[in-house]
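Participant: Take a look at the following structure, please.
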Amino acid sequence: MKVYCLLLVLLVGLVSQAHGQLDKKCQMVCTFDYRPVCGSDGRTYPNKCTLTSTACMSQRSITVFHDGEC
């Protein structure tokens, strides 16, 4: 039982560290300028920076499908 608890603690630590590295990699300062873009996922984003940040944090490939709302 102690071994399982130790493994669980180590696993949680590794996942937390990986998530922290992702946060640092995806850290962006986006402005509040409203220049909507339609993402390849069918969602409207306030601007390209927000789309790029969302794609990075979700680890998905989201590109600008076209300018303007979807």
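Here the Cβ of each residue, glycine as well, is placed from N, Cα and C on the backbone.
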Participant: C38 forms a disulfide with which residue in Swiss-Prot, given the options C5, C70?
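Facilitator: Disulfide partner per Swiss-Prot record: C70.
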Participant: Between C5, C26, work out which one Swiss-Prot annotates as bonded to C56 by a disulfide.
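Facilitator: So the cysteine that Swiss-Prot bonds to C56 would be C26.
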Participant: Sort the disulfide-bonded residues C38, C56, C70 by C-alpha distance from C30 (disulfide bond) and give me just the closest.
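Facilitator: Among C38, C56, C70, C56.
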Participant: Of the disulfide-bonded residues C26, C49, C56, which sits closest to C38 (disulfide bond) by Cα distance?
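Facilitator: Smallest Cα separation from C38 (disulfide bond) among C26, C49, C56: C49.
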Participant: Average pLDDT across the domain 'Kazal-like' (21-70)?
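Facilitator: 92, rounded to a whole number.
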Participant: Tell me the residue counts in helix, strand and coil for the domain 'Kazal-like' (21-70), as DSSP assigns them.
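Facilitator: Taking each residue of the domain 'Kazal-like' (21-70) in turn, the totals are 16 helix, 9 strand, 25 coil.
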Participant: Looking at the disulfide-bonded residues C26, C49, C56, which has the shortest Cα distance to C70 (disulfide bond)?
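Facilitator: Comparing Cα positions, the closest of these disulfide-bonded residues turns out to be C49.
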